[in-house]
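For reference, the structure is listed below as structure tokens.
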Amino acid sequence: MGKPIVAIVGRPNVGKSTLFNKLAGKRIAIVQDTPGVTRDRIYAEAEWLNYKFTMIDTGGIEPESEDIIVSQMRRQAQIAIEMANVIIFLVDGKEGLAPADEEVAQMLRKSKKPVVLVVNKIDKLKDENNAYEFYNLGIGDPVTISSSQALGLGDMLDRVVEYFKDDELDGEEDERINIAFIGKPNVGKSSLINKLLGEERLIVSDIPGTTRDSIDSYVDTEFGEFTLIDTAGLRRKSKVKEEIERYSVIRTYASIERADVCILMIDATEGISEQDQKIIGYAHDINKAILVIVNKWDLVEKDDKTMDKFKKELKVNLSFMPYAKYLFISAKTGQRVVKVLQTAKECYDNYTKRVKTGVLNDVISQAIMMKEPPIVGTKRLKIYYVTQIGTKPPTFIFFVNDPACIHFSYQRYLENQLRENFDFQGTGIKLEFRERKEK
């Protein structure tokens, strides 16, 4: 089950970006934040009271002129309604209630989504009375904060995580493997999914996904049970291209969040784009299993060396994830389509693989004998013991004399030894080094 998503909504200049940046300033144990395709930050991984969740920064979706405030706010609220599990509705306690606030509140009431009404810019105790007029929005009791001074943020987050308890964390873990198909429009994502569904007889159901442009399809196969997440992307025309791009990116990121395995689809006739690199880079950063599929392979003139050459070029462009698996298919003709879910399952199996501690230490001991750690400064790294502490991705702790002695080249050597011995293709692995005093 994916982490809950929390979106911050509000008209321009109420302090959305200030609030987001304050929360992303390590004040609530941010795990990671990632720039999107646009220059604005879009996502931040957060934790509060042991609840992990994802924050969406909708601060960049703002009108440039006042005459389109209401229409823009309607779109922004719609994005939050579609994607978020909980919505923070931010209003300005200094300026007071505005027509745009009422417009958004009306949409939020209809959505039936949990909303935490937050009155910002309450910098002093005497300003508390400014919050009362916001009861007229019919959203519930407001929480007062000052995002610039970091006042009241704990109370606000307490209210937010209250909504997680029943729906997000107490449910049974879904045993299905979630696969997100990501890539540019018209690369063949929907065609491939339709092909997969058409060839499998045991389809459970099709249900609307969390976003207007995503559809979840459930399918059972001999390789396992899967949820196929199609991120179609926005196709409607708009004068503001960056705004539409941002909507599309947010939707794609939401699908990545929910996925175990991310399949990046590339058009063989076009190659990989900068946006492809950034989107799959996000999946890499948050430790998803990854499969790269080159579609429309039937349209490429080729000889016996073409595939190897194409794969080599892809690996150069995706050098930050050398572990990725590759598959060349044609969704149109069905070429190698039968291997898609099988290969995705292989990625998932490696993503969730556990290695016995005894075998693990034998491999590392042998690796040390073959190549001794280098001296860093005046000390040489000593590795006493290794154990695996988690999966998704496989995570290993090395107990050593001094973590500062680990050289990046030797860390890469240890990772390569683990990969050669245990096959972690399709998934990243994490190596952590912890000091243990020699007895």
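Keep in mind that glycine also has a Cβ here, set from the backbone N, Cα and C atoms.
Per Swiss-Prot, these features apply:
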- 10-17, 57-61, 120-123: GTP 1 binding site (BINDING)
- 183-190, 230-234, 295-298: GTP 2 binding site (BINDING)
- 4-168: domain 'EngA-type G 1' (DOMAIN)
- 177-352: domain 'EngA-type G 2' (DOMAIN)
- 353-437: domain 'KH-like' (DOMAIN)
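Shown here: features listed in Swiss-Prot, placed on the structure.
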| residue | record | Cβ neighbours (10 Å) |
| --- | --- | --- |
| GLY10 | GTP 1 binding site | 26 |
| ASN13 | GTP 1 binding site | 11 |
| LYS16 | GTP 1 binding site | 25 |
| ILE122 | GTP 1 binding site | 25 |
| GLY183 | GTP 2 binding site | 26 |
| ASN186 | GTP 2 binding site | 13 |
| LYS189 | GTP 2 binding site | 25 |
| THR231 | GTP 2 binding site | 25 |
| TRP297 | GTP 2 binding site | 23 |
(request) Measuring CA to CA, name the entry from the binding-site residues GLY183, ASN186, LYS189, THR231 that ends up nearest ASN13 (GTP 1 binding site). (result) THR231
(request) With LYS16 (GTP 1 binding site) as the reference Cα, tell me which of the binding-site residues ASN186, LYS189, THR231 is the closest one. (result) THR231
(request) List only the single closest residue to GLY10 (GTP 1 binding site), chosen from the binding-site residues GLY183, ASN186, THR231, TRP297 by CA-CA distance. (result) THR231
(request) Between the Cα atoms of GLY183 (GTP 2 binding site) and ILE122 (GTP 1 binding site), find the distance and write it as a whole number of Å. (result) 43
(message) Just to verify a number: CA distance, TRP297 (GTP 2 binding site) to ILE122 (GTP 1 binding site), in angstrom, no decimals.
(response) 59
(message) Tell me the Cα distance separating ILE122 (GTP 1 binding site) from ASN186 (GTP 2 binding site), rounded to the nearest angstrom.
(response) 48
(message) Just to be sure I understand, if DSSP states are collapsed into helix, strand and coil, how many residues of the domain 'KH-like' (353-437) fall in each?
(response) 32 helix, 24 strand, 29 coil
(message) Tell me the coarse DSSP state (helix, strand, coil) of ASN13 (GTP 1 binding site).
(response) coil
